[in-house]
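Inspection log for the structure reproduced underneath, given as structure tokens.
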Amino acid sequence: MIDTTLPLTDIHRHLDGNIRPQTILELGRQYNISLPAQSLETLIPHVQVIANEPDLVSFLTKLDWGVKVLASLDACRRVAFENIEDAARNGLHYVELRFSPGYMAMAHKLPVAGVVEAVIDGVREGCRTFGVQAKLIGIMSRTFGEAACQQELEAFLAHRDQITALDLAGDELGFPGSLFLSHFNLARDAGWHITVHAGEAAGPESIWQAIRELGAERIGHGVKAIEDRALMDFLAEQQIGIESCLTSNIQTSTVAELAAHPLKTFLEHGIRAGINTDDPGVQGVDIIHEYTVAAPAAGLSREQIRQAQINGLEMAFLSAEEKRALREKVAAK
């Protein structure tokens, strides 16, 4: 179902949600961190979703073991490098990795700015080694409040040329976008793109707010847009992208089953929506699974899957010249 003549992208992929179970085990041993299991087989149920979680917050707790073993900046650098290696193994030509340095720093009180620098270094080395093109999106973890988000923002601004966009993720219901207006004003002043997790746990009003108040050019998940016809019209007319994550939305119980996922309707409505993974290490899936298993199960035709693949590059935070060069590079193969 993947068109090999087109670039394959993943533009909604959490770096800190893609820490390999084997790496968690190895870092736990290296830093003498107590883990819930001592073998890979017995650890996996603790760090990957085995059965669907009741809600988004429950799903997010699965990520915690991955960041609990980040006891040094070298560990952060390693997982960033491995994220690029995983992208290469998946056949991705371009990936946008998003990460929350405050979340990654929390367990061992690492310097937030140091985490940002370590991630930049690891991703840069990975791109050199594996030939994948990547850009970084900075996440503010709304769950930790406005002050913590300000600290993350300042760490990103210290490396503003290495950050492509700003995102807001975490507890959407408890911490609405209205709390973070000043943060996004600073992000736009820095010349960054804006993408916001919205319409996943909260309703369509969260998406409207992300667009109107925070300046979102893309929406992470955005499944609740299906409840507002005027919003769907607006998304299509303004070419505001929806970063769909099929399996993730089932695992968080945001959508009951793949057959009920709104991605097919979004595409039929002319919305620029694409297929992405979200937290592949925690989910136990990869981009190939999303295209070949999840998308057909969500009712997408072969042509709709191809359109979603095209949309992935169109939505990417790349210049027109960068997109053209990537298309030509893939076509030449």
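Heads up, the Cβ atoms here are built off N, Cα and C, so glycines get one too.
Feature annotation from Swiss-Prot assigns active site, proton donor to Glu200.
Taken from Swiss-Prot, the feature Zn(2+) binding site covers His12, His14, His197, Asp278, and the record attributes it to sequence analysis. Mapped onto three states, the DSSP output places His197 (Zn(2+) binding site) in strand. Non-local contacts of His197 (Zn(2+) binding site) by the CB criterion (under 8 A, 6+ apart in sequence, same chain) comprise Asp167, Leu168, Ala169, Gly170, Glu172, Ile219, Gly220, His221.
His14 (Zn(2+) binding site) falls within a strand when secondary structure is assigned with DSSP. What Swiss-Prot lists as substrate binding site is His14, Asp16, Gly170, Asp279.
Look at Swiss-Prot and you will find His221 tagged as site 'Important for catalytic activity'.
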So for His14 (Zn(2+) binding site), how many other CB atoms are inside 10 Å of its CB?
28
Where His12 (Zn(2+) binding site) and Asp279 (substrate binding site) are concerned, what is their Cα separation in Å, rounded?
9
CA-CA, which of the binding-site residues His14, Asp278, Asp279 lies nearest Glu200 (active site, proton donor)?
Asp278
For the substrate site given as His14, Asp16, Gly170, Asp279, which other residues of the same chain have their Cβ within 8 Å of the site's Cβ centre?
Leu15, Gly17, Leu60, Leu63, Arg98, Phe99, Ser100, Tyr103, Ile139, Ala169, Asp278
Other C-beta atoms within 10 angstroms of the C-beta of His221 (site 'Important for catalytic activity') total 28
